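Novice: What Swiss-Prot records for 1-27 is signal peptide. Look at Swiss-Prot and you will find Trp34 tagged as C-linked glycosylation site. Residues annotated as active site, proton acceptor in Swiss-Prot, with similarity to another entry given as evidence: His42. If you look up Swiss-Prot, you'll see Tyr60 marked as 3'-nitrotyrosine. Sequence annotations record features per position, and here Swiss-Prot assigns substrate binding site to Lys65, Asn66, Arg67, Asn68, Thr69. Here Swiss-Prot flags Asn86, Asn92, Asn111 as N-linked glycosylation site, drawing on sequence analysis. Feature annotation from Swiss-Prot assigns active site, proton donor to His153; the stated evidence is similarity to another entry.
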Amino acid sequence: MVPKLFTSQICLLLLLGLSSLEVSLHAKPQQFSWAQWFRIQHIQTTPLHCTYAMRAINRYQPRCKNRNTFLHTTFADVVNVCGNTNMTCPGNASLNNCHHSGVRVPLTYCNLTGPQTISNCVYSSTQANMFYVVACDNRDPRDPPQYPVVPVHLDTII
């Protein structure tokens, strides 16, 4: 009985350690608000190939991000989506601060395909016109004052 309990406790500690590592890999850099980090990760008015575009994101992380979506629209247009009807987030049913874009936008989906060394991340690019769903929150003091509610998470593309 004792070895089984001890083994279970070790497994639990390992699981907790791995989950905290996963959270730290997806955490935003401390110097940015959630909206600023959203803008860096997901707003790109002029499409670039993913291998180049992802450098702006990967330089703040200790690894090559596996995948990412760039919306080819303005931050102000995405802020306007925050005014659409609230809905449960399709990507996380425990959140109800999501909003559907209502219109399709051009976007680029990036998928890591090459070496996973931070200095040499290689991506494939897929272009599409799709709807998107964003989570929005009240602005942080570091966010532009003209936007009381700002996008903080790209939940889903549809």
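Residue numbers in this text run from 1 along the chain shown.
From the backbone N, Cα and C atoms, a Cβ is placed for every residue, glycine too.
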Novice: Can you grab the distance from Tyr60 (3'-nitrotyrosine) over to Asn68 (substrate binding site)? Cα atoms, rounded to a whole Å.
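Specialist: Cα-Cα distance, Tyr60 (3'-nitrotyrosine) to Asn68 (substrate binding site): 14 Å.
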Novice: Excluding Lys65, Asn66, Arg67, Asn68, Thr69 themselves, which residues in that chain have a Cβ inside 8 Å of the centre of the Cβ atoms defining the substrate site?
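Specialist: Sorted by sequence, the hits are Met54, Tyr109, Cys110, Asn111, Leu112.
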Novice: Sort Asn66 (substrate binding site) into helix, strand or coil using the DSSP assignment.
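Specialist: Its secondary structure by DSSP: coil.
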Novice: Can you name the recorded positions among Asn68, Asn86, Asn92, Asn111 whose CA is within 10 A of the CA of His153 (active site, proton donor)?
Specialist: none
Novice: Pull out the recorded positions from the set Trp34, His42, Asn86, Asn92, Asn111 whose C-alpha sits within 10 Å of the C-alpha of Thr69 (substrate binding site).
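Specialist: Among Trp34, His42, Asn86, Asn92, Asn111, the ones whose Cα sits within 10 Å of that of Thr69 (substrate binding site) are His42, Asn111.
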Novice: Using Cα coordinates, what distance in whole Å links Asn66 (substrate binding site) and Asn111 (N-linked glycosylation site)?
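Specialist: About 6 Å separates the two Cα atoms.
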Novice: Need this for a regression test: recorded positions His42, Lys65, Arg67, Asn68, filtered to those with Cα within 10 Å of Asn111 (N-linked glycosylation site). What's left?
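Specialist: Lys65, Arg67, Asn68, listed in sequence order.
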Novice: Out of these recorded positions, Trp34, Tyr60, which one has the fewest other C-beta atoms within 10 Å of its own C-beta?
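Specialist: Result for the recorded positions Trp34, Tyr60: minimum number of other Cβ atoms within 10 Å at Tyr60.
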Novice: In which DSSP state, out of helix, strand and coil, do we find Asn92 (N-linked glycosylation site)?
Specialist: strand
Novice: Please report the distance from the Cα of Trp34 (C-linked glycosylation site) to the Cα of His42 (active site, proton acceptor), rounded to the nearest angstrom.
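Specialist: With the alpha carbons as reference points, the distance is 12 Å.
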